[in-house]
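A.B. asks: Here's a structure for you.
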């Protein structure tokens, strides 16, 4: 029987192998049938080419996998079988498969639209809800088909969902899928991509006790929906290995901006992302959800049309801006100005995808102060160029912005309000410099709005110098004109776009990146109405267009508020063109010179007032707009306006008390707008931010009614970088604007901001604005602008017969390549993990096969041993019965012969006696008859005696035989019981050893994963250290140059101040100059020492952080190993308990078996005794039939004997 089973198993194995190679063509060159026409990508297991059939011209994606041996084909047969067996419009089809020269060619259906994640990266924005609905429904239908066919995909993500040009999707990549044989079958393989992995799959890394089923794909679908809504999956900032812990322990992820999405979408996600597997909906249930009740795929067709549109690229260098900057820097700098540095800054953060954001900068401006004796403090907004953060957008909050969107124009004509001793001083309006009339228009693809195509068009116009009255009169006209132009653009050019027109009277539209936070408010200022000031005019025009129902809830509100804001700006009275710049004082110590009174007869010139508004867009896109203004304070009788050049470095960051962090220098790679936060992110340091988010600044006019004024608050989130590979900053949060009320004069709202009234020495008032980040050696603004280029992309495509043109503008910097490098490294990590999982799966399959073979072998051996033992005893019993039968037959033969001989002898004697008696008594018939009867009786008695003797002998022999046979049966049963007990022990030992082998390979695989994780962590730490070293090297190289430039400027200004104010002799002046030079040398030496100490501190902190990250990683790894060992110990204990229970139950069943056997033996003995007793009572009455009767009575005993063995 066992041999038959073995043959059956072997036969089934052969059929299965034949079925696996059923769809693979062997020894045929695929290039004879398919022509390679391009390369699509490089996957984890081989390259993917675009191929075309030479006969039918059908396109295919050809995955070419190099296999070292034919055994490796087994790893890919499941994928081929699934592709070949699936016939569904939303699943890619297998077109062909070849195995040729150790290369496996898998040719699948080609989807020209590309993968969903690739489309999002191409368009640099996520999908809208209407697009997500279409993709979700078709993906659900594909999953439902797979699950009905007992297939678990196990690697569902946006990268495996492909678009066709018809607007449909197809599910692809079944490389790690599982094809079950039973509907309720569960799996315990730890496989898939970590970010999309379900919690029950994650738990299989250390415990196989709770296997998963088809609902694991439902969780992955929910994560994929979040990925499509936010470009990246949840926890994408974490290392692929470390995200597993987050998935297992944290709550189910949600949308970053829930109010931005419909309730149906949120409910659908809730049903998908349910950690309790039993409560999680199935695909068939989800198909009934109202979120997927869509029929048209038009949104996806529009998306694909835009993604596949013809792209026109235009690269612009920033050299014109550089020329302007150089011209400005050449202007003379007054030496008797004093600068203060009360600043409120919050750093913006780099966008994860380094998405496009355009940077707007304005020129330096001058201002006149006409009130003598006023105490005020200029708030200097330090700026850093932002080559990254490329798209010009306006006030977009986060990846899914749900706050009320209001456009903020950079006000160049502003009055700056400050608190001093509990009262507010009005800052004079800032004057603009005249320049040529110029206009630059940038059409920008606004990311993250959730609309189909959100476009922000920023128009930066430079007006000629006009009188105050003319400029004020033009305000409303320009607003109305821009409204009209934007409406035309909305109706004709782009259907679903947000149009924001921003017009400023700047000198030139210089692009400049900034990481500061400014709260802008409009305030009525009556001081300057009568003056002939050349104020900067600001016009804000917001138009939001809504198209169809694709716009998610919240956009309508944004649009309404934008329009209201635009109308409010247009409705202001003509004499009120200026906006008031109201900034909150920051926590901590104020800058030197804040709130310091100007000395008599001395003009105080503030530092270059650099205003910036960092605006978060899309997936954390950073859009920075900046305006550099120069304010000059003069005495009342002074009408002189001093023009001061832009400074080349940023000094005030340390003095602002805004962040406790040290400033970052801009490296040659062109770091993004938020250098401070980027350094903290890259160094994995958690540094406190002292600047609390500003409340919207409020101001009110004295006469006109209050209007809604936009206010932007941008504060960086210092995410604690715990060493995750490629951890990227989160988008900043922008607080929604609040309506202005009667509290406009109270600019200090008490939110933790304080104003320091004490004055501090400004080093002889020698324009400290010239060195803003001197200890960090910041590169000059002009140098930074020379490093950047603006890349304009124009997409033209046709949707439903309407030609649509979308223009995006992107700042191309070295940081783009850095971001791409980070993305490439992340892909490498995922690929390494995929290969590792494949190896683990293969090793697990090999171990499972080996263990199954061991179990089959031991069970086969048990069966053979049992059969051998039974056969041995059966043979002994058979021999005993055969011997007994032979003995009985011999005895019966002897008995028959004896009866015959005895009867013959007695009859002979009786015949003689009868003959003799007849001769004697011829006439005595009666006596003769009696004599004959007597003889017959004697014969019968003799024969009966012989028969009785033979019966007794037979009975003894049969009883002895039965006893011997029962003894053999007892021995046989005892041997079987002993064998069963030994088999139970051996089976337990085998299962125990197999369990240890299972956990051994799990530990081995876990250690390999830990080694890979540690290796990735070390590479990440090494990259951080190298980046810090490079940055510090650049800072050290730049510092001497900056110091030389500063020394020359300071010396010139000092000499000029001596010429103006000094009454000393030339010798005294020379001595003062020597003292000043010595002081400068000492100051520069201190700067070098401070920079060196700062660099050492940065490196030390980074190394400590790296060590902490490694320690934390090792702690997590040790916890996993400990958890695995605990599971192993628990399983071994459970196995021992199961064995003890099984042995106990077997012994309990053994007693009744013994009792039944003994009862059977007693019954056989009793039957035998009864049989011989009955046969012994029978008598042979006819002498002639005696021998036959004896034979008949002896035969049953011999024939029944074998039955007792039964």
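Each Cβ is built from the backbone N, Cα and C atoms, and glycine gets one as well.
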A.B. asks: Out of 308-352, 443-487, 803-847, 848-892, let me know the one Swiss-Prot marks region 'Disordered'.
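C.D. replies: Of the candidate stretches, Swiss-Prot labels 308-352 as region 'Disordered'.
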A.B. asks: Can you dig out which of the ranges 1155-1180, 1181-1206 Swiss-Prot describes as region 'Disordered'?
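C.D. replies: From Swiss-Prot, the annotated region 'Disordered' range turns out to be 1181-1206.
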A.B. asks: Looking at phosphoserine as annotated by Swiss-Prot, pick the matching residue from 259, 645, 771, 915.
C.D. replies: 645
A.B. asks: Among 778, 1045, 1140, find the residue to which Swiss-Prot assigns the annotation phosphoserine.
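C.D. replies: That would be 778, per the phosphoserine annotation in Swiss-Prot.
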A.B. asks: Candidates are 177, 364, 649; I want to know which one Swiss-Prot annotates as phosphoserine.
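C.D. replies: Swiss-Prot annotates phosphoserine at 649; the rest carry no such entry.
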A.B. asks: May I have the DSSP-based helix, strand and coil counts for the residues of the compositional bias 'Basic and acidic residues' (1079-1099)?
C.D. replies: 21 helix, 0 strand, 0 coil
A.B. asks: With a 10 Å radius around each C-beta, find which of these recorded positions (40, 1065) has the fewest other C-beta atoms nearby.
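C.D. replies: The recorded positions 40, 1065 were compared, and 1065 has the fewest Cβ atoms within 10 Å.
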A.B. asks: What Cα-Cα separation, expressed in whole Å, is found between residue 48 (ATP binding site) and residue 1065 (phosphothreonine)?
C.D. replies: 84
A.B. asks: Just to verify a number: CA distance, residue 46 (ATP binding site) to residue 1065 (phosphothreonine), in angstrom, no decimals.
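C.D. replies: Cα to Cα, residue 46 (ATP binding site) and residue 1065 (phosphothreonine) are separated by 84 Å.
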A.B. asks: Any idea what the model's mean pLDDT is for the coiled coil (825-1037)?
C.D. replies: 85
A.B. asks: Compute the C-alpha separation of residue 1065 (phosphothreonine) from residue 42 (ATP binding site), stating it in Å without decimals.
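C.D. replies: One finds 79 Å between the Cα atoms of these residues.
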